[in-house]
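What follows is a short report on a single structure.
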Amino acid sequence: MPLFFYIMLFLIFILLFKLFKNENIIITFLCSILIIYIIIAPRFCIEATLSGAKLFFYKVFPSLFPFLILTNIIINYGGVHVYSKIFGKILCPPLKLKKECSFPLIISALCGYPLGAKYSCDLYQNGDINFPTLERLINIASNAGPLFIIGSVGTSMLGNPYAGYVLLLSNYISCIIVGLILPSRNTKMYRNFKENLKTSNKNIGESLKNSIESAIKTCIGVAGFVILFSLLLSIIKNNFLFKFILNKLCIFFNTDKNLIEGFLLGLVEMTNGCYLISTSSIDISKKLISISFLLAFSGFSIISQVYSFTYKHGINIKRYIKIKFIQGLIASITCIVLYRIPIFSMYLDAFTDKNTYLILSNNLLFIFILFFLIIPLIIYYIKSLNKI
């Protein structure tokens, strides 16, 4: 399309914003422009939609669907209270959370976006936590999954699983720091909830049926967001105005085009942004810093998925976005610190040597096991100090 057309659209948008300052009119206008674009370029939009559908069914659905079924069954059989008794006293007090919050925390750490938000809202609906706790939990139980970080980003995109471990550590540490610095409200209300063990009288067949139906409903919603944002991302990438701005930014910052493009598009959709950054010609440290921010921030596609679970409870999404942005900055700083530690930089630099790779892989596995064994002991010690 000619440049004049984009200039006219931009001027009309500014005029509408100045005249009305009404988000309903702005959203209606943007959706109308999107419909016109689909009519003008149907083949391109269909291909982008199919690409989003393939991304969901081949990358997201195989891991998301079984996790949803199993976690729903756990909830039906009172698993939240079982988890709270086992892990609640270790995980939750340092983060100023009720012990029932251990279940969404573990699910978020193992499964990633957006399951932490979903099961946080489920706890609130079931009356296990109050609203201030839900607000706090939503911001803490919000992480990218280890399978995605280590497998997709580290191994597939960066070609270095150790980079995935560094990204995973920075992601978890940033989440813990956010949990520690977030102010808590109404902490005295934690003790007002009754700690009754909720058991289910449903048989396994009924529980499985309800869990599958709930999982399908959730997956359909997630699929809609993935496909829609894949379409939007394709339109943005092939937009003349975006390419013009991108070229100017590359000249201004004197850096690789894929880095700027990946970071900007990653703010919209995380996966595509991480991939573009991984293909840039910059050194591994800058790639890790940029990708670490995107993994912690998550992108507006995943933020929209989170909002689809939280909107009915009145969660302030603007505050959530600000906190995710802060978490992204903390993750990037943490990634810089981790990369400067000799043992991590040694693993990253020595990956190409096969003999060194085998030796370091065993050592790194030992370090990670030791790390996750020591952390609960440290948290328990901190908790005991608070009682003194």
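Every residue number used here counts from 1 along the chain in the order it is shown.
From the backbone N, Cα and C atoms, a Cβ is placed for every residue, glycine too.
As recorded in TrEMBL:
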TRANSMEM  5-20  transmembrane segment
TRANSMEM  26-44  transmembrane segment
TRANSMEM  56-75  transmembrane segment
TRANSMEM  162-182  transmembrane segment
TRANSMEM  215-236  transmembrane segment
TRANSMEM  288-311  transmembrane segment
TRANSMEM  323-344  transmembrane segment
TRANSMEM  364-382  transmembrane segment
For the transmembrane segment (162-182), which partner among 26-44, 56-75, 215-236, 288-311, 323-344 gives the most CB pairs under 8 Å?
323-344
Applying the under-8 angstroms CB criterion, which one of 215-236, 288-311, 323-344 scores highest with the transmembrane segment (26-44)?
215-236
What residues elsewhere in the chain lie close to the transmembrane segment (288-311), defined as a C-beta under 8 angstroms and at least 6 residues from its ends?
113-114, 117-118, 121, 138, 142, 144, 149, 153, 158, 163, 166-167, 170-171, 174-175, 221-222, 225-226, 229, 259, 262-263, 266-270, 273-274, 277-278, 317, 320-321, 324-325, 327-332, 334-336, 339
